[in-house]
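Now, the feature entries from TrEMBL:
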type	residues	note
TRANSMEM	D:38-57	transmembrane segment
TRANSMEM	D:62-80	transmembrane segment
TRANSMEM	D:100-119	transmembrane segment
TRANSMEM	D:126-149	transmembrane segment
TRANSMEM	D:169-190	transmembrane segment
TRANSMEM	D:223-240	transmembrane segment
TRANSMEM	D:260-285	transmembrane segment
TRANSMEM	D:297-320	transmembrane segment
């Protein structure tokens, strides 16, 4: 109700030529486990904001501690007290599911810097919700496509036993054409994979696909490297991120991973971004930073075109995706999720630092599997 | 059979190699005080534990009013009419004297499953508790916290709580423990008057009290009852003298 | 399912069991001697791992890293014993739970403050890297074999310490009767600090050893802590022997049920739901084991008090 | 009037005045925070019965909180997707009607508390703490892998559930509802403490042998207390889920069990208004410290340590002096 009144008032102002200020609420994980992802998201986002140096956009940042109830509470605070127009920043799918549907139902815009669960891409899609990162399945689909391209015939696949894990294996299988040597769900938060590695060894597989985000992936890669099993490994970018790679070390070198972004992607925006990020924060950017950066730039581009209080116009402006993405060509599919390339990267050592370099393209101009399910 | 209120029949209990109770058969008759004496480590506590239900005997049985209660738990035996006092005061120290007494009244009347009405507001519970406190001489201290009582008063409260149960038989574990001469004398007088209400199985170290009160005495040594009889019989029993004084028979 | 695979999985179960034992031994010792529930034991595990990673990062030496882990965890243990824990011996379990929970918060966020949010790097030494071939043609990582060895060695050392040394006698006496050994002239507060530091050092050692094959990150201690609690509860709180048996039981159950249950279920149902249901039940298996043990023996397999 | 009574009255007044002020100043978020505090206080009030009166140190109360949450989540999920909860042997539809949700939360919590209590109460001391923790973990892992209801992602409910005569979407109305329930529970607790059952339970904590000797079974007293306690925490879980319009397995996590315990201890174990004082303080700390530093957990930890080491009896004890539970 109030939102409606504001909109009318703002429309009146806009008619007078003045643009209303835009207030952005960022909810992300800055403390506790997983804080590194949120910190990168924030830093990437703020880098773009500071580069733009505009005084008509205000950003409020809060820490969700990776707890869904805290995220919801912060969203309430931002909507009720701060009266933000746009929400963004959530890293984790379960937190996004807690916040996004309620926020868009209240007429806010939500721009996802990372989490993009299937529910929000298909039946639960919303004209006010944009995923600037990907659809969650994309990287797994890319890995599956790569496995097919690489000629793997008998892959062993594993992921934690939770919704994102199950989605991951489904996504992989969607583009993988070979046989499965085994399909295993591990315990969420598991740290020892000796048992699974023994299974891989015994299974007669010719390759391995795994999705184990965060510390789980570090543990798996270190143990795998030490096990003497010498099969090629593929995974989504999450386990090969700049922050994580240093903790995995040599064990990761040579592993292929699918990603929508890499720091060596050859385009002007990316080169500028990587240089600026390194200069400002004295570390290499991660995919989360890149996605945060893109999200901010997309938002700024839309603010220039339309009034945030005019839902339809602002949504249309966002959908144009008229900004220079660090991922190169970038547009939105009908369900407001990106159409972009999924690349294959390989982990290399550059001097003292472990990092990725692009070695191929798994999927070109790839959208997602849920476009048809979305009735907007 | 109505002649005995409480009886054990051949109860036996071992802890590893140690036989803490060896084929003990004792009984408690209406109107009497039956004292159990014995040196430290004779197995008195083990015996009481089995009578009251906190320990299960390896063999033998316990009867109350002619009924086998061996399989019953402590609280069931209490409801069946066994009122006990503890060697070391077992009282709710944070609660008042009255509340402790009401606890007994509640258990006896099965009113512990009331969640809304105030316990102190229940007429019948309160009457019962106050009557018991009156009898042991704690009427003045009803609103005191247990923790603020003197040792002697706590011993009195122990007895009062058992009284609220209106038991068929009392089992008292060293009620005189830690009382001064004056206190012992008072309690002795009180117990003397109590035996008509319900017989008392009395475990006690205070020999003056035992000899003044007991109708019968059983002597427990190394888990066995070596003698049962009147005060005079026990005094003169050579086995007892040997056990206590080391005199050979 | 080949014999080789089964043997390999049993080895895996043993390995995770002996590492759990390092954690559980300290916990159970501290509980047995001081009657203290220490939720912050997982933090000491984390301290060990971070110290090892930091020192290995600078010196490149795994041995020095282990020494650093032992020293840092023991020191951290001694410091919190003197500053906080010592005031809790006479408190009830409730206060101990709360205070040590508070210590977890302080340690976790403090570590993040110092080391940042990114996981640290700690690798196994070159000499122990890669697999070896065991009799029967089983390929098994050398480092994990070494872990089993170290774990058994520590278990043996603990047994020697407690059964054969003066300090051991004092520790055992302390479990039975605090006042008594104080009366005998043993400096009880020194003994307690020592025991606490010893338990902490074991946790730190476990953290460093396991950190080399897992991820060294803030919060790594809590999952292990809960497992270690399960272990000592199964074994009987206060019993080192119980901790050892319990650790092996938990390690083996956790590993074997997770692998074999889905396979067994596949005999009765479709593959996909079998995999999913199997891993769901497997993730609860050790807690089910613990409940069963406690229902059967309320004070654990080797618990002293009834 | 004792100092504790005054303190309690002041707390209650604050719970009315602060949101009233927030309505006038149009600060809906303050109301949301207050609602959170009230619901957490309710969860802690549940634990306080088991812990404070019965002496049962349960490190698994998140089980009931989670059950309450999932009762709401499951019923509302089926209602909003128009799919029946089950069709056989009889049809059960989802619902968005709060009283029905609460009923389910209460019944399932009671059954769970009864079963868990039956098994856990065989143990005492540290074992009891650990076995309740283990039951919590069991539920946690079960919820994570229960894919029908979202697994780790949990479930989102788009619109808050209904209560007859109220518009629960208006923050102050939902707040009023929660506060009313809290007050009812506190009145019940106050009566319970003075009731025969409360007296017996209190004694069962202090001297179980005495309670047995007067013919009551301490185990049964504790079991009933555990069930009452679980039911209240379960109800709080349903409200908490409605506040967030979201449920997830974190409601079952052992950290959450720890947090509920913290609320009780922070406020003062066994004090009638202890959970309220604890929850209000905790939410305030979370809000203000969290606003100051990313590392606010360090300060929370230090404050908790200070409470344990120097302020026995928690905040209530600090303000109102030593034990004043009797007239």
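The backbone N, Cα and C atoms fix where each Cβ goes, glycine too.
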Need a quick answer: max count of Cβ pairs under 8 Å to the transmembrane segment (D:126-149), which of D:38-57, D:169-190, D:223-240, D:297-320 is it? D:38-57
Do we see three or more Cβ pairs under 8 Å linking the transmembrane segment (D:169-190) and the transmembrane segment (D:297-320), pairs being at least 6 apart in sequence? no
With the cut-off at Cβ under 8 Å and a gap of six or more residues from its ends, the chain residues touching the transmembrane segment (D:223-240) are 36, 39-40, 42-43, 45-51, 53-54, 56, 58, 61, 63-72, 98, 101-102, 105-106, 108-110, 112-114, 116-118, 120-121, 178, 181, 185, 192, 197, 201, 251, 260
Given a Cβ distance threshold of under 8 angstroms, which distant residues of the chain, six or more beyond its ends, lie next to the transmembrane segment (D:297-320)? 2-4, 6-7, 262, 265-269, 271, 273-274, 277-278, 281, 285-286, 289
Grab the same-chain neighbours of the transmembrane segment (D:260-285) for me: Cβ-Cβ under 8 Å, and only residues 6 or more beyond its ends, written as numbers and ranges. 4, 7-8, 11-12, 14-15, 33, 36-38, 40-45, 47-48, 51-53, 57-59, 61-62, 65, 182, 186, 189-190, 193, 233, 296, 299-300, 303-304, 307-308, 313-317, 325
